[in-house]
Amino acid sequence: MLSPKRTKYRKPHRGNRKGQALRGNKISFGDFALQALEPGWITSRQIEAGRRAMSRYAKRGGKLWIRMFPDRSITARAAETRMGAGKGAPDYWVCIVKPGKILYELAGVPETIARASMRIAAYKMPVKTKFLVRDEYVAPQ
């Protein structure tokens with residue numbers, strides 16, 4: 001699973017979920033993409049589950065790009081722990097996703113396979129998504 005090698009701060013603030021994605025909101029590498037329509041946190045486990053589902057459905061064909069990275073640690077306390085005694089230890093990693101962010105890109109497969117594999121990956125995401133096709137994409141004859 002994805003996680004940063006090192007971070008500036010071990011325990012960041014939670015932050016807010018306002019606004020649109022200003023960067024990472026256009027198809028840059030592939031011909032097809034999965035785009036987030038609402039804000040949320042996507043964990044490293046969910047990113048990996050989506051990647052596995054897409055690569056298995058495409059039978060390892062084509063090329064897949066993951067356009068998000070879990071760079072924010074989420075802390076948790078043990079169950080039935082008394083209040084106080086500081087903030088909990090980092091438990092898992094998340095990627096902060098805003099509406100418009102491209103999550104995955106895919107190239108080298110037909111549109112039907114890309115659409116179906118992205119649908120399977122979308123079921124594993126905690127946010128609503130939509131399927132995008134690059135503007136200058138021309139289907140192979």
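Keep in mind that glycine also has a Cβ here, set from the backbone N, Cα and C atoms.
From a predicted model like this one, the values you see are computed outputs, not experimental measurements.
Copied from Swiss-Prot, the annotated features are:
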- 1-17: compositional bias 'Basic residues' (COMPBIAS)
- 1-21: region 'Disordered' (REGION)
Self-check item: Chain residues outside the compositional bias 'Basic residues' (1-17) and at least six past its termini with a C-beta under 8 angstroms from it
Solution: 39-40, 44-45, 47-48, 66, 69-73, 75, 87, 90, 93, 96, 98
Self-check item: Counts of helix, strand and coil residues, the region 'Disordered' (1-21), according to DSSP
Solution: 0 helix, 0 strand, 21 coil
